[in-house]
Amino acid sequence: MGKESVLLLVFGFSLISCDPHINSTETPFARSITRWIENHSHIESKFSVRSEEFPDEDMCYLVPGRRESISACNFKTDAQTFLVIHGWSVAGLFESWVSKLVSALLEREPDANVIVVDWLERASHHYPTSAENTRLVGMDVAKFINWLESLGYPLEKLHILGYSLGAHVAGIAGNLTNNKVNRITGLDPAGPTFEHADRLKRLSDDDAEFVDVLHTNTRGTPDLSIGIQRPVGHVDIYPNGGTFQPGCSLQNAMRMITTYGLYNVDQLVKCSHERSVHLFIDSLVNWDRQSLAYRCSSKEAFSKGLCLSCRKNRCTRLGYNVSKVRSTRSARMYLKTRDVMPYKVFHYQIKVHLFSQKDMTLESQPLKISLFGIRDERDNIPVVVMITNTTVSFLVTCDTDIGELLMLSVQWEKDSFLSGFFSTGQFRIRRMRVKSGETFFLPLYSGGDSVIFVKSDENPHSRREANQTV
């Protein structure tokens with residue numbers, strides 16, 4: 001178990017050890033909704049209208065029941081509205097991502113209303129208490145939405161974005177409104193106390209007309225995962241498998257702590273969790289670099305490049321422009337990303353068939369592949385495991401768009417410690433393919449050389465293969 005796992009376990013137990021009912025359907029707040037409404041009829045949450053000029057300041061509050069606050073806050077009754085809901089707050093303060101998301105939303109939709117739900121007082125307790133409070137806050141938000149609708153505001157223009165615990169607040173609110181809201185986006189919904197919870201107590205796909213979810217910190221067992229692992233929307237996207245995100249390693253966290261002090265000790269956990277927000281922001285501001293996610297049965301299958309297809313709604317843009325496809329089962333989708341914004345990468349599936357007189361498994365990065373397109377190239381991509389006498393499929397990515405793939409280069413190091421092993425028998429690459437069906441063909445490979453595959457339209461079986469001792 002690595003250092004990251006140990007630290008996550010410690011963090012996880014700090015969340016759950018004080019609540020014996022965690023992940024049980026018999027949670028302390030599993031009361032009937034009727035009784036809950038009767039006992040908590042007043043609204044404590046605040047609804048702050050943010051502006052492009054002051055995205056981090058509460059300039060004006062909409063107050064349910066006070067119609068004059070609509071005009072006082074310049075709320076546009078015919079415009080799209082985004083409702084942003086934060087999550088658990090250790091310090092009782094808004095995190096920096098809130099103003100960044102507000103700015104990005106208003107940059108993309110300048111005429112929209114952006115409202116931040118302030119439930120900091122209920123969110124800054126020990127985690128189990130804050131998790132329980134999501135029911136109360138969800139009721140507040142539902143009453144707010146019902147009030148807006150009673151004034152004639154159309155719910156088809158309402159989009160709720162909830163992060164961590166805020167995602168479940170959004171789900172609870174959506175379940176309690178008189179009519180369904182148009183869309184809820186869950187940004188890495190919290191896992192502890194919600195992984196095995198009833199649908200009424202967490203975000204689920206029946207809480208809005210369309211529910212899309214980003215999962216970015218689902219590492220570990222379900223009971224200890226910071227983000228919820230199970231699919232809870234119509235479309236559930238798992239960037240980089242949904243576990244730790246690029247740039248969120250223990251080494252990077254330690255570097256931040258060394259530079260900025262212990263104030264950043266939470267970065268190890270928060271980095272991957274909060275990446276969900278920044279991926280959504282990326283989809284708003286980098287409209288010309290939209291990331292694509294692909295439907296796949298598992299992250300293992302995706303890592304083999306087996307799912308790079310857009311047929312029959314099998315791919316979608318990540319974030320704001322996600323394809324709103326509803327089905328009876330949640331669509332699990334995967335993609336790779338960079339470690340910095342813009343996060344988009346370009347995915348390639350490469351199939352390699354190696355032939356040898358002996359069955360061999362090559363495990364120490366014996367192969368490096370370079371891709372050459374009409375616009376750019378990607379050099380020396382390491383391939384870790386190769387097996388002879390079978391076809392191996394794997395996924396490679398490029399940070400830049402190299403354009404149509406024209407050529408592919410393969411190389412082994414001649415002075416590798418494996419070179420003596422290879423010299424005992426015959427070894428050849430029969431063919432290589434990419435996901436588009438373009439065929440790259442070479443009948444022979446000699447260790448230590450750099451081999452070039454060029455684009456070919458001919459039948460790969462039409463050439464006779466030659467033997468050579470390596």
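Placement of Cβ uses the backbone N, Cα and C atoms for every residue, glycine included.
So that you can see what the record holds, here are the features copied from TrEMBL:
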SIGNAL    1-18  signal peptide
ACT_SITE  S164  active site, nucleophile
ACT_SITE  D188  active site, charge relay system
BINDING   R202, D207  Ca(2+) binding site
ACT_SITE  H273  active site, charge relay system
DOMAIN    346-470  domain 'PLAT'
Query = What subset of the recorded positions S164, R202, D207, H273 lies within 10 angstroms of D188 (active site, charge relay system) at the C-alpha level?
reply = S164, H273
Message = Given the recorded positions R202, D207, H273, tell me which ones have a C-alpha lying within 10 Å of the C-alpha of the residue listed as 'active site, nucleophile'.
response = H273
Note = Ordered by sequence, the long-range same-chain Cβ contacts of D207 (Ca(2+) binding site) under 8 Å (at least 6 apart) are A170, G171, I172, A173, G174, N175, K180, I184
Ask   = What Cα-Cα separation, expressed in whole Å, is found between H273 (active site, charge relay system) and R202 (Ca(2+) binding site)?
value = 18
Ask   = Which of the three DSSP states, helix, strand or coil, fits H273 (active site, charge relay system)?
value = helix
Message = Averaged over the domain 'PLAT' (346-470), what pLDDT does the predicted model reach?
response = 65
Chain-internal residues, separated by at least six, CB under 8 A from R202 (Ca(2+) binding site) = H168, G171, I172, P189, F194, I228, V232
Message = If you count CB neighbours within 10 Å, which one among the active-site residues S164, D188, H273 has the smallest count?
response = H273
